[in-house]
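Annotated features in TrEMBL:
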DOMAIN    A:95-300  domain 'ABC transmembrane type-1'
TRANSMEM  A:12-30  transmembrane segment
TRANSMEM  A:101-121  transmembrane segment
TRANSMEM  A:142-162  transmembrane segment
TRANSMEM  A:174-197  transmembrane segment
TRANSMEM  A:235-257  transmembrane segment
TRANSMEM  A:285-307  transmembrane segment
Amino acid sequence: MSSYLAGRVASLILSLLVASIVIFVILEVLPGDPAQFILGMNARPDTLAALRTQLGLDGPAFMRYFGWVLGMLHGDFGLSYTYRVPVSELIVQRIGVSLPLAVYALALTLLIAFPAGLLAAARRNSASDISVMGVTQLGVALPNFWFAIILVWVFAVTLHWFGAGGFPGWDKGFWFGIRALTLPAIALALPQASILARVMRSALLDTLEEDYIRTARAKGLTRAQTLWRHAVRNALIPVLTIIGLQFAFLLAGGIIIENVFTLPGLGRLIFQGITQRDLIVVKSVVMLLVFAVIFVNFLVDLSYLAVDPRLRRR
Amino acid sequence: MAEISIVPIEAPRGTLLSAALRSPSFVTGAIVTAIFVGVALLSFVWTPYDYAALDIPHKLRGLSGEHWFGTDQYGRDVFSQVIVGARTSIAVALIAVGLGVGIGTPLGLWAAAKRDTIFDELIMRANDLVFAFPALLIAILITSVAGPSATNAVIAIGIFNIPVFARLSRAAALSLWARDFILAARVAGKGRARISIEHILPNILNTLVVQITIQFSLGILAEAALAYVGLGAQPPTPSWGKMLADSQTLVGLAPHLAIIPGLCIVFTVLGLNLMGDGLRDIFDPRLQRSRQ
């Protein structure tokens, strides 16, 4: 168990280190001078130079890299060039939209995928299996942002059940917030649920072929009992891996859906940062999302310990 | 990461075509894919209208005999835009897959040939790292840094195909290295590089082909997403993702502008996925039990 754990922690730290270097280097080569952008095209050279010093843009690259990383370790993400507020403050505001959206979408994904996958595997080749496979085949092919547009057309523009976009803020009341996030969460969840249901089905079908399943049946358990007590738990490893990847995808992939619904989340913050050359915002938010993705994958690796007792003995 | 054992796919040659024609998913998928590739090729020589020609008086028209898929907010013919857009989508996805196969497969074969050496370790750890990144996010970052264009979209999507093919090729190659005919080749004095090219590669082609169809369909989706946020092919070059972005504010007024390019994406991806599923079943009959 300890060698497994040590290996995972080492790879977590290494991944984060490499990720921060990659992001820093990519943004180093981004054309466009933030100081020029803030002051406009007609700024005098000496004002530009002064602002660059003030923004800390003129040190050597590796010093700025260390400054950035050390700052982040203390929770200090620097100051946004355009908003003139600490980036951490912007992140805290925006994460209140992005994180609930990802969690909501993940909950919907699980709620759809688990019963569908179980049903399809338990009644293999039945009409319900065939329809689950057909619908999920379609769901996998669905671009979520297009599905979002269609949802807006049907439920917002035509039926007026939901708003077409925007976010009222949590202080207006919990249910208003949930309502504003419902269409985006459905748009994100359906394609993901399709993938998960298919993984769930094939993982279950694989375990159902194992000898211990035949043993369980032979000692008198019913099909449903075998499925529930023996197959589901053993099918969980591939399923957990996919769920981890999906949560990471929902967090980072929500950025496009946030644009469809003009939700003030991290995704919109990134796009605004890119157009306004607000590099410190882009760098920090991307790093945060990459951190979230890598950390979720790390948690998934740890959860194998709970599911698979064999790993605990290593 | 646990070692995934992938048994290379083998099939008796003579029966391949007849097996393919008996697989309904392969036939459906192949027909759909062929239609889209066909119209994409057709758009090079013929489109009903000039896709960029403005015709404001006839803007936002619905489907008709004159304009099969209607017209957009500038009166441009949607059918012409869609078939030229197919060209963009297919080209971007195809080259991105090419990049993945072209770089990933040699890396994977090399790692397998040098199993358990520092090269193998380095290549596989680098792969794990790329896998850990949120692909779409980094693709957005790359295209916005390098400037939005179809070429940069290809690179941004292609980078994430490299580890997919490296890992697959390595896993498939490793199981072949243990086989007798490889031992025979080694005894005959062939080097590891030559064995990889002459004996391993031909035997993992089927596995690669299945993965190529899957990555191709993912590439179409990724290209559409990048184009949708304005980071793909730039106007006036039409692309399905860009058409969807433009249609969004008009969806109440002219829903066909949103529905048609979206359906094109769905059908192309569906076609490729069905073809991939079918190919896998044909190449590997053992899997059929659990898939059907």
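Yeah, the Cβs are placed from backbone N, Cα and C, and that goes for glycine too.
TrEMBL does not curate its annotations; it predicts them automatically.
As a quick check, the transmembrane segment (A:235-257) and the transmembrane segment (A:12-30) miss the bar of 3 or more Cβ pairs under 8 A, pairs 6 or more apart, so the two do not touch.
When each of the listed stretches A:12-30, A:101-121, A:174-197 is scored by C-beta pairs under 8 angstroms to the transmembrane segment (A:285-307), A:12-30 comes out highest. Tertiary neighbourhood of the transmembrane segment (A:174-197): same-chain residues 97, 100-102, 104-106, 108-110, 112-114, 116-117, 120, 132, 135-140, 142-145, 147-148, 151-152, 155-156, 162-163, 166-168, 239, 242-243, 246, 249-250, 253-254, 257-258, 260-261, 263, selected by CB-CB distance under 8 Å and a gap of 6+ residues from either end.
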